[in-house]
Amino acid sequence: MATGSNSLIWFRKGLRVHDNPALEHASKASSGSMYPVFVIDPRYMEPDPSAFSPGSSRAGVNRIRFLLESLKDLDSGLKKLGSRLLVLRGEPGEVLVRCLQEWKVKRLCFEYDTDPYYQALDFKVKEYASSVGVEVFSPVSHTLFNPTDIIQKNGGKAPLSYQSFLKIAGEPSCAESELLMSYSSLPPIGDVGSIGVSEVPTLEELGYREDEQDEWTPFRGGESEALKRLNNSISDKAWVANFEKPKGDPSAFLKPATTVLSPYLKFGCLSSRYFYQCLQRVYKDVKKHTSPPVSLLGQLLWREFFYTTAFGTRNFDKMKGNPICKQIPWKEDHDMLAAWRDGKTGYPWIDAIMVQLLKWGWMHHLARHSVACFLTRGDLFIHWEQGRDVFERLLIDSDWAINNGNWMWLSCSSFFYQYNRIYSPVSFGKKYDPDGKYIRHFLPVLKDMPKQYIYEPWTAPLSVQTKAKCIVGKDYPKPMVMHDAASKECKRKMGEAYALNKKMNGNIGDDDLKDLRRKLETDEESNIRNQRPKLNQVLKYLMRF
């Protein structure tokens with residue numbers, strides 16, 4: 001049995017050795033053994049055959065694979081320092097309690113997490129630890145700022161605009177601090193007793209098949225990959241200095257137009273504090289550079305903004321009961337949702353993006369904007385929560401705070417309210433990629449379609465469709481809505497919903513929403529009836545030729 005002052009470092013996110021205050025504290029404070037632990041949570045990792053894509057009930061297989069690669073890399077890093085990762089399975093709270101008892105742990109260290117799931121879990125674990133005299137060290141290191149501090153500085157409320165957030169936040173405390181980037185060695189692992197520990201499992205050992213997907217994400221998980229990708233990005237100082245969002249090509253896929261560091265920040269394979277310091281060094285070395293919100297540093301601070309707002313807003317992941325979210329009578333249409341999710345809307349730009357998401361678990365931020373707008377306020381008027389669920393499952397960088405915040409933003413439910421500004425599912429993509437290379441790659445059925453029809457294949461003459469071996473309505477779907485009419489209808493509905501929110505001062509009940517939904521549907525049916533005679537006249541006129 002292990003004796004002495006033993007420490008346990010519990011990895012969840014923060015899957016790295018560099019700049020890891022929880023690991024640093026566990027290793028320094030341990031006069032005995034140190035147990036580095038990761039718990040495989042069945043809720044997150046077990047295969048779910050009923051899900052719409054390969055993966056568990058909560059995560060697509062791309063993200064599970066990325067996590068396993070990150071754990072493998074962490075294990076490798078720990079082994080070089082005389083330690084290793086102890087992988088256990090089960091409900092994390094129960095597993096942790098068993099470990100604390102069996103290994104006579106005096107110190108439990110883990111990175112603070114603002115996600116509601118971990119807030120509830122950590123409360124239980126901390127409660128048990130304090131009841132048995134185990135010291136708990138849970139530092140804020142997943143973000144640059146402690147969201148609690150920002151909220152306190154703002155009078156107990158989360159700042160609801162990016163600019164107000166920046167003003168309150170100021171400079172992070174890590175700006176000048178020296179980060180511990182490496183170790184010469186770590187304390188040894190003690191006797192694990194009767195607790196069954198294992199190496200990092202493979203996908204197959206978790207019950208998945210390697211051939212489950214015909215294409216995997218090209219992005220490999222792990223700290224080593226994160227640091228390599230970071231170094232590649234910051235070595236081009238001119239690129240870093242001139243980076244300007246929202247500029248950037250959403251159709252670039254072989255060499256994406258961004259750093260693709262988001263999944264590494266999500267899993268904590270890369271320290272946001274180290275990333276911050278690297279950017280500041282580049283900015284000092286160049287004559288001029290872009291600034292937040294559009295700069296690369298600005299993107300890191302957007303992450304902080306959403307983390308703080310999410311932490312300080314009740315029901316942040318819902319429309320109902322969420323004080324910052326507009327109440328809108330979105331419609332329920334499972335067939336439309338499935339067509340959007342599966343890349344079968346009939347709009348090649350939208351479908352190619354959704355296929356990239358299904359295959360790679362990633363797409364450019366402007367591509368995300370396009371498909372989110374199309375699903376919600378742009379064309380289909382379907383609830384942002386349903387789109388959020390699809391992203392939450394499939395994205396390798398799916399992050400609770402950022403995903404929910406962006407879906408509210410893009411559906412004009414919160415943060416951004418200019419609902420008349422809509423991404424065209426045709427002209428927006430064409431602006432970046434007039435030849436349709438992106439579409440041809442992710443939708444090979446359209447690879448031979450001439451470029452003048454690639455974004456609107458339904459407008460191609462039948463002879464052209466035949467030659468391209470792609471008959472619209474047979475080989476590729478017809479558009480599920482006509483964008484001009486659908487977007488006009490969506491704007492009308494958003495206008496009425498906004499008016500009701502204003503009139504009721506946001507205090508809208510279920511009955512109010514039902515009444516508005518009925519009214520909008522009645523008005524829509526009436527508009528369609530009124531348009532039919534005009535359409536028939538046009539058809540009669542065309543038939544004369």
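Quick reminder: no glycine exception, Cβ is built from N, Cα and C everywhere.
Please treat TrEMBL annotations as automatic predictions, because they have not gone through curation.
According to TrEMBL:
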| type | residues | note |
| --- | --- | --- |
| BINDING | 258-262, 299-306, 397-399 | FAD binding site |
| DOMAIN | 5-144 | domain 'Photolyase/cryptochrome alpha/beta' |
| SITE | Trp330 | site 'Electron transfer via tryptophanyl radical' |
| SITE | Trp384 | site 'Electron transfer via tryptophanyl radical' |
| SITE | Trp407 | site 'Electron transfer via tryptophanyl radical' |
- prompt: Going along the chain, which residues six or more apart from Trp384 (site 'Electron transfer via tryptophanyl radical') have their CB under 8 A from its CB?
  reply: Met319, Trp330, Ala372, Leu375, Thr376, Trp407, Met408, Leu410, Ser411, Ser413
- line: Across all protein chains shown, the one of the binding-site residues Trp302, Phe306 with the most other Cβ atoms within 10 Å of its Cβ is Phe306
- prompt: Per DSSP, what is the residue tally for the domain 'Photolyase/cryptochrome alpha/beta' (5-144) in helix, strand and coil?
  reply: 59 helix, 29 strand, 52 coil
- request: Would you please pick out, from the binding-site residues Val260, Leu300, the one with the fewest other Cβ atoms within 10 Å of its Cβ?
  value: Val260
Message: I'm checking region-level scores; what's the whole-number mean pLDDT for the domain 'Photolyase/cryptochrome alpha/beta' (5-144)?
response: 96
Query: Counting across all protein chains shown, how many other Cβ atoms sit within 10 Å of the Cβ of Ser262 (FAD binding site)?
result: 21
- prompt: For Ser398 (FAD binding site), what residues in its own chain, 6 or more apart in sequence, show a Cβ-Cβ distance under 8 Å?
  reply: Ala59, Arg63, Lys266, Phe391, Glu392
